[in-house]
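Features of the protein shown, as given by TrEMBL:
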type: DOMAIN; residues: 214-314; note: domain 'Copper resistance protein D'
type: TRANSMEM; residues: 12-37; note: transmembrane segment
type: TRANSMEM; residues: 71-92; note: transmembrane segment
type: TRANSMEM; residues: 177-197; note: transmembrane segment
type: TRANSMEM; residues: 218-236; note: transmembrane segment
type: TRANSMEM; residues: 256-276; note: transmembrane segment
type: TRANSMEM; residues: 297-315; note: transmembrane segment
type: TRANSMEM; residues: 347-366; note: transmembrane segment
type: TRANSMEM; residues: 373-393; note: transmembrane segment
Amino acid sequence: MPWSFSDLAPPLLLLGRGLDLIASLQIFGALLFALWIARPWQLPDTTGTTDSASASAGFVHTAFGQWTRRLLLVALCLQLLAVLVWLPAQAMTMTEQAGLPALWLVASETQFGQALLGRTGLSLAAVWLAVSSWPQGSDSQQSTLSQQRLLPAALLAATAVALQARLGHAAALEDRALAWLVALHVLAAGAWLGGLLPLRQWLRLASPSAARLAVTRFSWLGLLAVATLALTAWWQSERLIGNPLTQLGGWLGTRYGQLALLKILGFALLLAFAAFHRLVLTPRLPHTGASALRRSIGWETVAGLPVLLLAVLLASQPPALHLQPQWPLPWQPDPRAWEKPWIRTEVWRGLVLAGVLLLGLASLLWRRTRVAGPLLAALLLLWLPAPNLRHFVLPAHPGSFYRSETGYTAAAIVRGEELLQRHCTEACARSEDNPADLSVYNIWQRSDGDLFDWLTRVFDRIGHSPFAHGTIATLDARQRWQLIDYFRARVSGHIVQGTQRWPYAVPPPALAIDCPHRPERSLTQLRGHFVYLLADPGSAAAPASGWLPAAVDDMAVVTVRVGRLPSIGENPAVDCTAHGPDAWQALAIAGGRPLGQLAGTGFLIDPDGWLRLQIVPEDAPPSATDWRRELEVIASTPQPGRAAAGHRH
């Protein structure tokens, strides 16, 4: 079968990225260890039997210095090899061409090429500074390590490691905060994992007292690194995967999330190694020597390689937030389980069983209870009532955690209405029992994914649909989301009729706004304030054609004028403006108002971002006292229920 270099590009990209990451972490970790851990002491000769004495600051023993020199040179060779592999493969991927012109273009004109070559140059300079400080002679007076050269070498290596932020998702997303998080994350990884091999070699050369001091100091460095890794990993996951409490689908339903979970397990294994070293093996150093600790550190180093491999795979995958998760299980957690009145009983049952299980495991630690304890625990587990797990889960399907691609924008709502008009049957002309009104299906309480699946798999086949059965299946995914946004807006307009109040949590259409004296550019950014939308077809400079609320001293209301025409001039009576035919039409649908009767209609949005009150021009406007009372009641009474996931704007 014919093949080309482009067929090898994907594995070469992974190989190059992996070699580059391992080499840069090792260079930084070794230099940091030499600077902070090894420098305060001088080791005896490996053949000596006397304890090490305190050495002058800035000196290390020849044996460790020469070993570190070789380690740095090997790591640098790996990094140079990584450039030779990674850069051509990336050039082929970007330009679909092979050869020096494509290679030069990527190396000189792209952020990736500049960052990769800059990182390699910094590593080369760092290793040169450090290696030139360790002459190959055995004379201890000639084998000095100058602090003035080691410190800048470590700083250069740290900068090279931090450039990882320019080689991955942070650079692609142009997210400055994410770039800092990535830089701190890899620096912490280099300090910990990159220092394991130097620590193992130090333990081979050092006396017991020097070994214990080095291990203690490295433990404190490890604690700082672990805390940094955990915090930065959490913040990165929030930006790339989502909060596991609200966006679990990204963790279990995408390859990126699954790899992240495996990486967390690997991190937990490394933590277990570190805890075992600190709590068990380090106190035994004066009595048993360092051989057991050295073996365990070797295994910890081996365990760290799969974690680094997972990091490389993660950097090569699109973030979970950019994908539609495919839920792998037949059930999903029920977010409303805690609202059930009997759920406390089920929780207590689970806690009791967990307590019995822990006591049974703990009984294995004492010789007298090793038989009776587990046996009694097993009997109790069989006898005690188990919690009913069905109260905590709901049925699920692969699309349960889909997120809307359109975001309930005004344009999406209007495009959805156009789709309805294009494909609707004669039933849409009915004044009653109109199948385009989905109010009876409670669609605002369904998640995006469940509604998408139901609309396609159930409603389109056997439901009371406004279309011929099978029509929705012929639409692409974006058109289906537009149709969902229209159906939701239409239900919003239906439930507000009569009382002019929304009975449960429903957001307004997402609108872009222009505020001359405020920084906000969308309705979403106004959350935390009362917002009053006034539908006014005139220009911004003309007097408002509807009622505008009076100022209330302790409860500010941001007024937004929604019109059909572009804003011309500035009206001091309103804070912001939004315009366009899509905004006007979407607001009419969401408010259940005919287009010809929308002018002068007001919409009050609470600080949580939910529609609460509609003020129509045919009714008398509220007095100042009634308006103040209305705001106070809304502020003290949160809207019941919650809109579907993905529709908080």
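Heads up, the Cβ atoms here are built off N, Cα and C, so glycines get one too.
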Pop the mean pLDDT for the domain 'Copper resistance protein D' (214-314) in here, whole number is fine. 91
For the domain 'Copper resistance protein D' (214-314), DSSP counts of helix, strand and coil? 90 helix, 0 strand, 11 coil
Segment-segment contact (the transmembrane segment (12-37); the transmembrane segment (297-315)) at 3 or more Cβ pairs under 8 Å: yes
In the same chain, who gets a Cβ under 8 Å from the transmembrane segment (297-315) while lying at least 6 residues past its ends? 14, 17-18, 21-22, 25, 167-169, 189, 193, 196-197, 199-200, 203, 256, 259-260, 262-263, 266-267, 269-270, 273-274, 277
Who are the chain neighbours of the transmembrane segment (218-236) in space, where the CB to CB distance is under 8 Å and they lie at least 6 residues beyond its ends? 32-33, 36-37, 178, 181-182, 184-185, 187-189, 191-192, 195, 199, 264, 267, 271, 274, 277-278, 282
